[in-house]
Structures are given as C-alpha cells and as structure tokens.
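Below is one structure; the comments refer to it alone.
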Amino acid sequence: MTVARPSVPAALPLLGELPRLLLLVLLCLPAVWGDCGLPPDVPNAQPALEGRTSFPEDTVITYKCEESFVKIPGEKDSVICLKGSQWSDIEEFCNRSCEVPTRLNSASLKQPYITQNYFPVGTVVEYECRPGYRREPSLSPKLTCLQNLKWSTAVEFCKKKSCPNPGEIRNGQIDVPGGILFGATISFSCNTGYKLFGSTSSFCLISGSSVQWSDPLPECREIYCPAPPQIDNGIIQGERDHYGYRQSVTYACNKGFTMIGEHSIYCTVNNDEGEWSGPPPECRGKSLTSKVPPTVQKPTTVNVPTTEVSPTSQKTTTKTTTPNAQATRSTPVSRTTKHFHETTPNKGSGTTSGTTRLLSGHTCFTLTGLLGTLVTMGLLT
C-alpha cells in the first residue's frame, strides 16, 4: 500500500510556520552545546551558584539548607553535570531540627550525641554528670526535641558532691559562707592572741572520682610577749617563763625605795606580735635633799638691868644678841633653864632695880650684862 504524499501546494502553509518552530527548538537547547541547564530545585535548599551562568560537563553544584532547616546526615547535598547535559539525581536532604542541645554546668551529652548536629522533632538525647557531681536517681537525665523545635526543660538531675566536714581549729575559727559542696571556699582565722600558721583558706575540688579540700587545716599558735623588762632596785613578783595575751607582770620595789608608775603591765598583741602595754615602773630611793632642813635660831632679845656710877640715875640698856655673832663684839653665853625666874635687887644697894626673865630654851647674854647681873645678886663686889 502506497502512502500518499502531500502535494506541493498543500506543504506551502507549513513553510510559513518554520521560523516559529526553529525558535522553540533553539530555546530548548543549552546555551552552549554540551552544557547543563540550571541546577534542579531541591525543597528547603538553595544552590550555591556563585554567579555562574553556564554549567559545562562535570560541574558540581552544592546546596545549602534554608533557615530553620538542617542537613539530614548521610544525604547528598550536591549535583553534577553529566554527559548529555543532564544533572545527577538528588533527593530532599534538608529537614527541620532543634539546635544543639542545651549546655549544662552539671552535666554533658553522652558520647553518641556530642558530634551530632541533626535533631529532628522527637529526638531524645541523654546526659551524664560532670566530675564533681552525682546523679539524682529520681530525675531523668534526658531531653526531647519538641514540635516547636525547642528542647524540653532540663531539671537538676545532677547534684554537687560534698566535701568532708572540715572539722575544728583549736583557738581558731572556720568561716563557711556557702556550705561545703563542690566549688565551695572556706576561710580560717585565729582567736586574738594566736597566730595562724598554714593556709588562710581551702577549696572543695575534684580528687579522683570524689571531691576533697585543697589544703589542710592551719594551726593557731599562742603569741608570747618578749621577756618583761627588769627594773633597778626592784623585782618581778611571780616571774614566769612565758607571758601570753592579757597575762600581766607585777613589780615590787626593794626596801627603802618608792615606786613611780604602774605596778603592773600586761601583754597585748599588735600585728600578730606580742608587746607590753606600757613601760615598767621605776624604783627611786629617798634623797638627802628631801630631808627637812634644821631650824635656824632666831635672835633673842633680853632686858637686863645695868649698874650706873650715880646712884641717883637709873638706865636700862636693851641688847640684842645673835647666836653666830663674832666674839670681837660680844661673847655670847648660853644658859638653859627649865623654870621661870624673877630676881629683884635689894633696896639701897645702889643699883638700878630691874627684873630679869629667863625662859626655857637658849638665852644669850653679853659679858657686860652678865657681870651686871652678878653684882646685883651680890655675888660680885
């Protein structure tokens, strides 16, 4: 059977459509013979074209997941231009995922999850306690990636371990402001009058699989004052070998000496060093210059009647004598009497009447006065 061919007149209309058909063919061909076209679309990912417009054979294009999506581990994220101007096949490789799980101070992710970066909804991760912490059996150490791409709330399933009780310091104090759990710090001090030897603080640190204090307890040693100062002409009562804080030393003076200052001084502390509260007293003897000076005799005035040549005239002479007067002027004569005397001369004796009073004590007369008295008394003629 012979197929009828169209006649020339019938084929003419097709020639008029030839330019349009050629244009469609050219648009479908690659820009350069042997090039691949634009890379294929991948859900939730974008190709990294880096400004290229042609993709010759063996060209590799890598995709990057869009925001909030993460590459699925093990899935391809690139295509290659093959012979025949065709791209290699690629599957969807981006999916929604939680971010890296929350970092906890008390716990860390177990080994399988440390390097993982893809955590789709429903993923469960597990933690283990860090050194210095212990598991709380009643609480779960797991977290879950929720539908909102957030991790479930982490509870405190790991608790700090406790250091041993630090004990006590003799004559000192231990300050424990924050307890004795892992990471705690305690400080030491001594009572007044004692000096600290050792560390002033200690820390609760990791020691193997447990925790221990970093430093042992210090020692508080008593502070002593230097030997008390000795004093001249005195002694220390009940002297001892050592004098600690607030202990006192008492002084006493030898016989015949007087104490000047405080009888006692006591031991004090200044900048962890012992020192005495003050200087010791002094013992001073009785000075000769402190004796009462002797009383100097005052001049004594005595009225002594004198004898005149003329019996008709009478004259009384008053003389004043001084104990230390020179002999060239008068010779003092001392007489002591314990009674009061009154002498009256006889009438008609030719002498002037008078009265001589001698008081107890020392009475001094001049020689002339003494002779006159003796004549009056009839002892001399």
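Cβ coordinates come from backbone N, Cα and C, glycine included.
The annotation signal peptide is assigned in Swiss-Prot to 1-34 on the grounds of experimental evidence. According to Swiss-Prot, the domain 'Sushi 1' annotation covers 35-96, on the basis of sequence analysis. For CYS36-CYS81, CYS65-CYS94, CYS98-CYS145, CYS129-CYS158, CYS163-CYS204, CYS190-CYS220, CYS225-CYS267, CYS253-CYS283, the entry in Swiss-Prot reads disulfide bond. The annotation N-linked glycosylation site is assigned in Swiss-Prot to ASN95. Annotation comment: Swiss-Prot describes 96-160 as domain 'Sushi 2'. Per Swiss-Prot, domain 'Sushi 3' is recorded for 161-222. Taken from Swiss-Prot, the feature domain 'Sushi 4' covers 223-285, and the record attributes it to sequence analysis. Summarising the annotation, Swiss-Prot assigns region 'Disordered' to 277-354. The feature compositional bias 'Polar residues' is assigned by Swiss-Prot to 287-309. Per Swiss-Prot, the feature compositional bias 'Low complexity' maps to 310-328. Here Swiss-Prot flags SER353 as GPI-anchor amidated serine, drawing on experimental evidence.
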Taking the Cβ of CYS220 (disulfide bond) as the centre, count every other Cβ atom within 10 Å, in any protein chain shown.
21
PLDDT averaged over the residues of the domain 'Sushi 2' (96-160):
94
For the C-alpha pair, I'd like the distance in angstrom between CYS129 (disulfide bond) and CYS65 (disulfide bond), rounded off.
34
Identify which of the disulfide-bonded residues CYS98, CYS129 has its Cβ surrounded by the largest number of other Cβ atoms within 10 Å, counting every protein chain shown.
CYS98
Only counting partners 6 or more residues apart, tell me which same-chain residues put their Cβ under 8 Å from the Cβ of CYS158 (disulfide bond).
LEU104, SER106, ALA107, TYR127, CYS129, ARG130, TYR133, ARG134, ARG135, GLU136, PRO141
How many whole Å apart are the CA atoms of CYS253 (disulfide bond) and CYS267 (disulfide bond)?
21
Please name which of the disulfide-bonded residues listed here, CYS36, CYS65, CYS145, CYS190, is nearest in space to ASN95 (N-linked glycosylation site), Cα against Cα.
CYS65
Cβ neighbour count (within 10 Å, all chains shown) around CYS65 (disulfide bond):
19
Around CYS81 (disulfide bond), which residues of its chain at least 6 apart sit with Cβ under 8 Å of its Cβ?
ASP35, CYS36, PHE55, PRO56, GLU57, ASP58, THR59, VAL60, TRP87
For the domain 'Sushi 2' (96-160), jot down how many residues DSSP puts in helix, in strand and in coil.
4 helix, 23 strand, 38 coil
For CYS163 (disulfide bond), nearby residues of its own chain (Cβ under 8 Å, 6 or more apart in sequence):
ILE180, LEU181, PHE182, ALA184, CYS204, VAL211, GLN212, TRP213
Near CYS225 (disulfide bond), how many other Cβ atoms are within 10 Å of its Cβ?
21
Tell me which of the disulfide-bonded residues CYS36, CYS145 sits in the most Cβ-dense spot, judged by other Cβ atoms within 10 Å.
CYS36
Check each residue in the chain of CYS267 (disulfide bond) that is at least six apart in sequence and keep those whose C-beta is under 8 Å from its C-beta; list them in sequence order.
TYR224, CYS225, TYR243, GLY244, TYR245, ARG246, GLN247, SER248, GLY274, GLU275, TRP276, SER277
At the Cα level, what's the spacing in Å between CYS65 (disulfide bond) and CYS220 (disulfide bond), rounded?
68
